[in-house]
Each structure stands twice: as structure tokens, then as C-alpha cells.
Amino acid sequence: MDPTPALAEIVASLARVRVLCVGDVMLDRFVRGDVERISPEAPIPIVRVRDERAMLGGAGNVVRNIVALGGRCAFMAVIGEDRAGAEIGGLLGDEHKVDSFIGIQPNRRTSVKTRFFAGSQQLLRADDETIAPLDPYDADRLLGDVRSQITTVGALVLSDYGKGVLDGPVAASLIAMGRTQNLPVIVDPKGRDFTRYRGATVLTPNRKELAEATGLPTGTDDEVVTACRQVIARCGVDTVLATRSQDGMTLVGADGSVLHLPAEAREVYDVSGAGDTVVATLAAALAGGAPLAVACRLANLAAGIVVGRVGTAAVPAADLMAAVHQEEVSARDSKIVGAEDAREVVDKWRRHGLRIGFTNGCFDLLHPGHVSLLRQARAACDRLVVGLNSDASVRRLKGDSRPVQDETARAIVLASLADVDLVAVFGEDTPLGLITTLLPDVLVKGADYTVDTVVGSDVVLTNGGRVLLADLKAGFSTTSTIARLHGGSRRSGDTL
């Protein structure tokens, strides 16, 4: 069975994680109203304000997302001694799962981004802020706060919005601390010089940031991979996760690995803060022990949710769990194919060096004998294809009273099993045509057969494959189960 933890298990584990986040906090202010006329003073719309609200932005939005997922957070940032800074302090105070260590610089203007909306249409954004590195005293105080918390967390996030908190030696010192503690260090970068993040576990640039940092095009999959590899080689980071809007995400590792994840959003209303959601979900999942590729899948799902909402939204754990369940349903349904589609899928697997296994049957009423055979078959290969007799095929083999369940129901049940990677329905009496098309590396049947009597064994053996006769689980068969349901008795020798 696949040892990768289920996404649902990872989402459930997020309530037990604690993440340390350091970066540029800001106040995101949203002004909403209606546009009914154009100003007589200039060709601009007049917004009649209906609503105004403020929320944590920048690194603060990363914190909001970690908490929304159920996690806890230690948060280090710097604000000004002003009204916006006081608002940020109040908003952080409302987050009971956040331990805040916020420095105050009297001469600093807290970053405020004010967005004006008419309906769902953004009209204007106005920024009010100071962009300057921390003075040595504030930098040392911030690093001291990090030292006091870093042994109590499962991941470290650097959320760099280019406002100065992570300038100078601060970022390098933080990354060194994280790696000393064997923590995953996730950096949301800013600017053209990614060498400042040397030693990070994951960089998460968007497409534009990646292009600016490398001077390379980032329009296609191959171009993105090339740019990511340049960052890895030049900057000494372990991996780069490039976020690509409608084209999804691409994860590239220093080991040469590449993973493309398609975009999950059905409708996009607002991309504000989507990168923060990716970083937060990635960090929380890694803090919970998820493998990097799995954490990226979860982050991709979360991003698909958040861009469907207006404003810098956070994704609650319940919404992410619902998306996970929907993905599992879609993945299950995509496992059910015809012979031609099966060949395309198998060819793709082969190009990745995977060993293909094959077994077949009617699988009318699934029982422990079926499960045992499928488990043994999956253990002998990397991907298991199950050939499923169509309804017409079953009737010819078993009689007009069979199958009990139609082929759609039987295929759905099989596709729901973790040991089954693909279900291919065939209409012939035997799977010989399907076996000849797919040319599996391992052909599996029950031990009540001999190698010579297994349909397709000659094809597989001639092609360099092997035949596996799986141990049978005594006392289980579909035919005897049906007989008992009708008041009959179990018949010895009943088969699948």
C-alpha cells in the first residue's frame, strides 16, 4: 500500500502544529461601495462607501491562515507607533492561538494597503508605509525573540514583502537558526537577489518574481523549471515552489525532481493574499511531518479555495478538508477508463520508470478474498491495473442472474481502494486483448490457476514480464455468498 499519508489525515493533524513566522506585517484595509456616476472634477468613478474593514496583511495574513487551519503561531514583526500599528496590535490580540512578539519603531509608518472595490471589481489600491531596514537594536531584539521560540515550533516561515524587516543579515541569521534546529525553512521571497535566502528549504516565488530574479522567461513549464534550477544552483536552496496563477504550481528540487500541480480554482475573483495561503498551508503541513510533495498538493488546494473569494481571505480547516474529499472523489472517478485510455495512462507511467501490474475479474460482490488478491498484486508492482468484465461479459460467463451489481457500481468500488490505480472495463470474455495492449510487467491471478492456464501469461512472459500466483483467502467467494443469500449452501471451489 502507498505509504504516503492521506491528505485528510494531514489536515486533521494541523491542529497540533506550531509555526514560527517572521516578516513584514501590514494592515489590509478594504473599502467597498457602489459606483453610480463619474466625477465632474476628473474622468474617475465616484464610490459611495457602504462598508470598510481592516485585517492583518502581509506576514500577518500568513499568520491568519495558519490559525484558520487550526495551528498555533509565534509571530515576530515590527510596526510603527501609529493608528495602523495599534489596529494590528488589536487584531493580533484577537487571535488566541498567536503568540505575538511585535517591536515598535516610533519613526516608522506601519504599512497600510487600502483597496477600493465596487462590487467585486477592485478600482484602486493606495499604499502608506515606511520602507527601511531595522536598526541594529531592533534587529537584535527580533533575533532574540526568535531564539526564545524556535525550539518549540515545527517550521519557520520568512514572509518578505520588501519593507525592511528581513533586510541585511536578518534573513541569513534566521535561516541559520532554523537549519540548526533541523526545521523546514519556508521563504516567500521579494526582490531580485534570492542569494539572501541561501540555505532555505523552500522558496515560493510567483511567476513574475521568478522571472525578475533570474532574467529568464517563465511562460511555459520547461521555462519555469529552467528558471527554478538556476535559483537552486545560484542561491543554494533545497527546492523552489513556483506559483503560476492559472497554470498552477511547479515544484523543483535540487535532486532534479519536478512536480507540476494544475490550478484547482474553478473561478478566480481575487488573488490578493493567495501566496500567503500557499506559504501558510505549506509550512503547517511540513510542521506536521508531511512530505514536501504532499504538502504542496495541500497548499495548491488551499490556493484554489482562496482565489475564489474576494479580499485577503484565510482558508478554514473545514473548507480545506471538504476540498480534499472532493479531490479524492475526482481521483477515484478518474481511475475508471476504457482500454484506449488505459494504454495512454500506462504509457505515461512507463515513461516514469514505473512497473505495471495487472489482474482481472468480475468483482461482483467485493469480499476479503478480492482485497487480499489486490493487495498482493499491488505489492508486486508500482501501479496496478484491474481489468473488469463488463456486464455483458459477466452474463456470458456467469449466467443471466449476474452481475448483481452493474459495471459502474463495481468499477466505483474498485477505484475506491488504495491498492487499485486504474480500472479498465473490457467487454470480451477474456482480458487477452487488454493484456496484449498494456503488456504489464507483472500478471497476477489466484493460486487456483497454474501459470499455463492464466490468460495472457504467454504474452507477458514473452515480453520479459512475470506471472504471480497470489495466495487465496479460504472461505470467500461471490458465488457462495449469493447462494447463501438465497438460502443455498457454500460450494467448494467457488472463484471470484
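Along the chain as shown, residues are numbered 1 onward.
Note: Cβ is positioned from N, Cα and C throughout, glycine not excepted.
The region 'Ribokinase' annotation in Swiss-Prot covers 1-331.
Taken from Swiss-Prot, the feature ATP binding site applies to ASN206, ARG207, LYS208, GLU209, supported by sequence analysis. Counting every protein chain shown, the number of other Cβ atoms lying within 10 Å of the Cβ of GLU209 (ATP binding site) is 21.
According to its DSSP assignment, ASP276 (active site) is helical. The feature active site is assigned by Swiss-Prot to ASP276, with sequence analysis given as support.
Per Swiss-Prot, the feature region 'Cytidylyltransferase' maps to 358-496. Per-residue pLDDT, averaged along the region 'Cytidylyltransferase' (358-496), amounts to 84 for this model.
Taking only the Cα positions, the spacing between GLU209 (ATP binding site) and ASP276 (active site) is 15 angstrom. Look at the region 'Cytidylyltransferase' (358-496): DSSP puts its residues at 53 helix, 26 strand, 60 coil. Distance from the CA of ASP276 (active site) to the CA of ARG207 (ATP binding site) is 15 Å. Across the structure, LYS208 (ATP binding site) and ASP276 (active site) place their CA atoms 16 angstrom apart. Each of PRO205, LEU210, ALA211, GLU212, THR218, ALA242, THR243, ARG244 belongs to the same chain as ASN206, ARG207, LYS208, GLU209, is absent from that list, and has a C-beta within 8 angstroms of the C-beta centroid marking the ATP site.
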